[in-house]
Each structure stands twice: as C-alpha cells, then as structure tokens.
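TrEMBL has this to say about the protein:
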type	residues	note
DOMAIN	41-290	domain 'G-protein coupled receptors family 1 profile'
TRANSMEM	25-45	transmembrane segment
TRANSMEM	57-78	transmembrane segment
TRANSMEM	98-120	transmembrane segment
TRANSMEM	140-164	transmembrane segment
TRANSMEM	199-225	transmembrane segment
TRANSMEM	237-260	transmembrane segment
TRANSMEM	272-292	transmembrane segment
Amino acid sequence: SSMMNETKMVEFILTGFSDFPDLQIPLFVFFLLTYLVTLTGNVLLMTIIRLHRHLHIPMYFFLSTLSFSETCYTFAVIPKMLVNLITEEKSISFTGCAVQTFFFIGFGGTNCMLLTAMGYDRCVAICKPLHYKVLMNDRVCGQLVAFATVTGFTLSLIVTYFIFTLPFCGGKEINHFFCDMAPVIQAACTENNGIETVIFIFCIVVVFGSFLLILLSYVLIFTTILKIPSTEGKRKAFSTCASHLTVVVVHFGCASIIYLRPKSTHSLEEDTLISVAYTVVTPLLNPVVYSLRNKDVHVALRKSLGRK
C-alpha cells in the first residue's frame, strides 16, 4: 500500500504567502506592477539593442541575452504566483511543479554564467584592448552564450530528475510560493538527505564557480586600471564596468544568501522574503541599472523616442 500512496501524488499545495492573509491583495498588486515594469524594461532594452547599430557589440549582445533569460526566468515563477495570491485553491500539479523547478534552475544557472561571460568581456576590453575585436568576435560570443545555456539546463535536468524521483506521499504542502529545490525536497516523504548534499554541491559549483571567475576578471581589471596614468582614463575604464558590477553584487548576494546557507539557520518566512527579492526584484535590476547608468543606452533611448 505504500506504493499506492506514492503513486497518488498528483499535486502540491503552495503555501507561500498564506501566513499573511491580509497582505494577499496588496502583494498581488505590488508583484503585478513590478512584473509589468520588469517585462517592459527588459523588452525595451532588448529592442533598443537590436535596433541600434552602435550597440551591436559583445557587451550589449550579452546584456540582451541576459534580459531575455531573466524574462523567461520570471515567467517560470511569477504568473503562477500571481494566480495563487488571488485564488483560494493554491495548488500546482506534480508535473507543473517539476517543469517550474526545471526552468527556474535552468534559467537561474544560465544567468549566473551569462554574468560570468559579461565579466570576461569587460576583462578583455580593459586588459587587452588591442586584441578585443579578435578575442571577442561574434563566434566567441555565440559560443559563450551557448555554453551558458546548455550547461545551465543540463545541470537543471539532472537536479530536477533527482528531486522528482524522490518518493512523495499524498496531499503535500510546499512551504513556498513556487517549486524551489529545498521546499520540494522537504515535502518528500523521505529522510534521506543525500540528495540535499548533491544539490548543495551543484549550487556551490554554479553560483560559487561563476562568482570566482567574475572575481578573477575584476582582479585583472583593477590591476590594469591602476596602471592607467590619468584619472580621467581610470574613471572611463571603470565606468564601463560599474553597471555589470552592480548587477553581479545583487544577483550573487541574493543567490548565495538563499542557497549557500547552512540548513539549520533556515526560517521559511525569511526564505520567502529573500526569494521575493531574487525572483521579483533582481530581474528588474538589469534594465534599470543598465538604462540609468549607460550613456549608450540613453542616447539610443532618446533616438527611439524621437528626441534628438
């Protein structure tokens, strides 16, 4: 009969925001507005980069790819979350949950690696300016994006497979507003934590690996910038990195707080709030940071809006 129990698992209940019943409508409004701004911002950024020839350089190619990836990443989580905030029935099917986990991890991992590629691009631009055109040609950029995507989704497939072949018994609640790794594993009726170790290692490799490579890029960038004699030259070189650096700090900050903490310190309420930061707020960051900080994007935006 235990087999019977396990096979009956057809859906989960997502209890993410049910601790805050009075906040459901305000949260719905806040998330919907943020989501619409995020979508608009990312689509606008991608369109501007496509339409303006002077933005057809590696930095903006990676940026538009990141915008696309972030848009898909939010699409995997937010629409379902919005529906759950205004309906009584907060369920998600077993398959739906697996699909959500797969895309969420896939795009999340891809984003980490795209940020790494962007760091490498800045590094080549500042440390090897004369060879930049050769080192960062279209083929190399295409290969870096392909590598990020294929790696992100291959790892995601493996992790999702491990999680969703765990034994689940009927009517399980997931203590979260989407099917993230830890809450789904907690919902399984098994005490075997081998899978958690596997996933912890996966997160360390992706998040930490990407972060270390970015750190390495910036060590090289800063040592090069320090050798530039003029203050103006230093400032110019650094300003091309500032947007990327801002996005990296927030992105990896949120990711590591969630995924690289020791198990015992978890409170699910805290997790929910931090998760809101990186599923709803972080994706808004790219268009905002890059459009506010970047002269090239400013100029292109003005042209697009017909103001000279």
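Note that Cβ sites are derived from N, Cα and C of the backbone, with glycine treated the same way.
Listed as Cβ neighbours of the transmembrane segment (199-225) (distance under 8 Å, sequence separation of 6 or more from its ends, same chain) are residues 109, 112-113, 115-116, 119-120, 122-123, 126-127, 152, 155, 158-159, 162-163, 181, 185, 234, 237-238, 241, 245, 248, 252, 255-256, 259-260. Between the transmembrane segment (25-45) and the listed ranges 98-120, 140-164, 237-260, 272-292, the one holding the most Cβ pairs under 8 Å is 272-292. Counting same-chain residues at least six beyond the ends of the transmembrane segment (272-292), those with a Cβ under 8 angstroms from any Cβ of the stretch are 16-17, 31, 34-35, 37-38, 41-42, 44-45, 63, 66-67, 70-71, 73-74, 77-78, 81, 176-178, 180, 243, 246-247, 250-251, 254-255, 257-258, 298, 301.
Taking the domain 'G-protein coupled receptors family 1 profile' (41-290) as a whole, pLDDT averages 86 in the prediction. Listed by sequence, the residues of this chain that lie at least six past the ends of the transmembrane segment (237-260) yet keep a Cβ under 8 A from its Cβ atoms are 59, 108, 111-112, 115, 118-119, 122, 125-126, 181, 200, 203-204, 207-208, 210-211, 214, 218, 221, 224-225, 228, 271, 274-275, 277-278, 282, 285-286, 289-290, 293-294.
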